[in-house]
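Colleague: Input: one structure, supplied below.
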Amino acid sequence: MLEVKDLTKTFGSLTAVDDLNFTIKPGEIMGLIGQNGAGKTTTFRIILNLLTPDKGHVHWNERYLTTKTFNKIGYLPEERGLYPKVSVENQLLYFAQLRGKKKSEIKPLIDHWLEKFEVKGKKTDKVKTLSKGNQQKVQLISTLIHQPELIILDEPFSGLDPVNAELLEDGIREAQANGASIIFSSHNMNNVEELCNSLIMLKNGRPVLNGTVKDIRQQFGRTKLFLESELTPEELRQFPGVQRVEKTNDGIDVAYLTETEDGKAIFDAATKNGYIPTFSQQPPTLEEIFKRLAGEKNE
Amino acid sequence: MITKEVYKKNVKSIGFLVMVLSPLIVIAFIAGLTYYFSQEEQAAPDVPIAVISEEEGIDQLFSNEQWSFEVSDNIDTEEAAEEALLDESIGGYITAEVVEGTVQAEFVHTNELSDQSSLIQEALTNYQSMLRADQLDLAPEEVMALSEPAMLDQRFVNVDEGTVTEEAFSDRMVQQGGAYFVSIAIMIFIMTYAGIIAEEVANEKGTRIMEIILSSASATNHFFGKLTGVMLVLLTQIVIYAVVGFGAYIYFRDSEMVQEVIGGIDLAAVFQELMGYTIIFFIVGVLMYVVLAAFFGSLATKMEDVNKAVTPIVFMALTGFYVGMFAFTAPDNLFVSVFSYIPLFTPFVMPFRIAADTVSTLGVWLSIAGTVVFAVLISGISLAFYRSNVLIYSDTNLLGTIRRSWNIMQSNRKAIRNRA
């Protein structure tokens with residue numbers, strides 16, 4: 001179990017991470033979101049002991065991380081890199097050996113992993129001869145092949161096509177099933193919604209969201225109303241609490257409400273003549289929440 | 001682990017093979033050329049010249065064996081000689097006459113015979129001396145006595161801490177040669193290996209491999225692992241040269257040409273010289289610069305910036321090298337003395353001062369101690385910065401990067417202190 005407590009890190013006058021708290025239990029996936037420069041990479045670096053926090057601590061199974069526990073980590077940095085002139089096999093062996101594995105332990109696994117991630121190319125090929133997507137997969141394999149218990153992925157989905165993104169998701173789920181604690185950052189809220197048990201959004205180093213995806217969405221209320229009825233957009237706008245109305249491509253009106261309760265009056269008015277095809281009051285999507293919070297000025 | 005990987009990667013690369021082989025090929029090529037030309041020279045046919053003179057003695061003077069040219073007998077007028085020169089059947093001609101005991105001669109020649117003119121003059125001068133001795137009625141012994149050169153006996157001494165010791169002239173040659181050799185060797189090895197390690201580090205940093213590695217091994221392990229790896233590659237190269245050199249010596253030592261070149265040199269003395277201070281300077285010098293290169297390499301953000309990042313080292317080494325060359329000619333210079341105690345330049349400059357005996361033994365050891373202390377110091381500083389350097393990806397200049405790295409370092413230090 002990874003426990004991050006009261007984590008604070010400053011560089012001179014800049015506070016990169018401000019009072020961050022979370023825990024990830026075995027078999028749990030946490031998403032870390034936030035704009036560029038929000039403090040995600042700094043958080044990862046503190047967890048990896050590359051930086052020392054000013055305050056707070058990172059515990060792995062109730063202890064500080066040491067060189068020994070490092071062997072249980074799989075880390076995928078934000079910008080991918082492999083030794084271009086080394087073969088796929090030697091590369092994977094080297095990284096696994098750095099994590100304390102023996103050559104003989106890893107060698108038999110390589111074929112299986114290359115197959116699983118559908119890497120095109122032979123294991124004796126030099127990395128630079130592979131396409132970018134395949135290189136990315138090789139790097140991912142190097143992050144996972146030593147069966148880490150703590151997996152840290154910095155923007156793992158960036159640059160992957162939907163097919164490869166799904167392979168990655170499968171890989172993450174498999175590690176989760178094996179009981180790993182997983183933390184990853186992403187700009188793609190769909191990945192976060194699909195994969196994460198919980199998420200944290202950082203803004204200027206401060207957590208502005210913290211909880212499960214469902215709770216977070218609910219806490220913003222069911223303020224997004226999808227409506228297909230006889231009411232015109234003009235009429236909709238007259239209702240109290242309606243901030244604006246948009247029309248989707250398939251003719252459904254979307255009304256943005258101030259509070260969940262505002263929907264009741266609209267429902268009554270829309271259904272006064274009986275049946276309507278659509279009335280759906282939804283919490284905002286993660287992406288909308290993200291944009292809203294990211295756009296807000298600091299208080 | 002890191003050491004092994006660095007070593008394997010570099011030794012296996014084609015670049016290493018090229019690096020090791022290229023000097024050997026160049027040496028073999030030069031040796032081959034030299035051999036070819038020396039053969040060529042020996043085989044070259046003598047260029048004939050014409051001697052036009054009324055004097056029997058002068059004619060005889062040029063017809064004996066010692067000359068590398070032949071005299072064609074059938075040309076005895078200047079016109080005929082000019083004609084022969086035109087159709088290239090002769091390379092030049094000498095006209096000479098004796099006017100009142102003075103030899104007046106003219107030597108008309110093509111480029112081929114340029115190197116003969118001083119010999120010709122000497123011969124003619126001797127002939128003139130003989131003529132005058134004759135006029136003065138001097139006996140042959142008296143002529144001998146007149147032209148006998150003064151006795152100059154050379155004794156080469158060494159003034160060291162109040163004692164005067166004598167040494168053979170060739171010792172000094174060997175020492176200076178050794179210093180020269182070390183200077184160039186240090187230069188070449190620094191340039192090569194500073195480049196290699198800076199590239200290694202910048203490459204791993206640029207590709208973020210560094211972050212993966214540092215999250216599995218400590219920065220100290222990584223830094224020294226890399227250093228050891230690169231040093232082992234260097235050692236491999238030296239061992240290869242030693243083996244090849246020894247093999248070549250065994251194989252060629254009986255050849256005439258090699259005998260000629262090394263005959264005058266005491267190989268044991270050269271070896272001893274190389275094994276002495278020089279090897280210390282070589283090792284410390286290369287180490288120092290390689291550490292610096294790792295440091296500067298860790299400042300670069302991308303592979304493409306490596307050259308920019310190692311520029312300061314290159315300049316430093318070049319400065320040292322040129323001061324060393326200057327010390328070769330002026331080992332007593334104050335400027336040279338000062339530079340020989342600046343650690344970064346010591347390995348380049350001090351060997352020349354030792355060779356020229358302008359430094360005391362104490363001075364040598366002081367400079368060695370200084371250099372070693374400095375090397376340890378910069379290793380420590382480089383390592384401290386290394387840890388934070390590798391986390392900085394900025395496009396600012398080197399100083400900006402160092403400043404930011406310093407901030408991170410301070411912030412980490414403070415944090416560790418607070419925690420304790």
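From the backbone N, Cα and C atoms, a Cβ is placed for every residue, glycine too.
TrEMBL entries are annotated by machine, without manual review.
TrEMBL lists these features:
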TRANSMEM  B:14-37  transmembrane segment
DOMAIN    B:15-382  domain 'ABC-2 type transporter transmembrane'
TRANSMEM  B:179-202  transmembrane segment
TRANSMEM  B:223-252  transmembrane segment
TRANSMEM  B:274-297  transmembrane segment
TRANSMEM  B:309-328  transmembrane segment
TRANSMEM  B:334-352  transmembrane segment
TRANSMEM  B:364-386  transmembrane segment
Colleague: May I ask for the residues of the chain that lie six or more residues beyond the transmembrane segment (B:14-37) and have a Cβ under 8 Å from a Cβ within it?
Modeller: 192, 233, 237, 240-241, 244, 257
Colleague: Using a Cβ cut-off under 8 Å, which residues of the same chain at least 6 positions beyond either end of the transmembrane segment (B:223-252) come close to it?
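Modeller: Distant Cβ neighbours of the transmembrane segment (B:223-252) are 1-7, 10-11, 16, 19-20, 23-24, 189, 193, 196-197, 200-201, 217, 258, 286-287, 290-291, 294, 382-383, 386.
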Colleague: Return yes if the transmembrane segment (B:309-328) and the transmembrane segment (B:274-297) have at least 3 CB pairs under 8 Å (sequence gap of 6 or more), otherwise no.
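Modeller: Answer yes: the transmembrane segment (B:309-328) meets the transmembrane segment (B:274-297) with 3 or more Cβ pairs below 8 Å.
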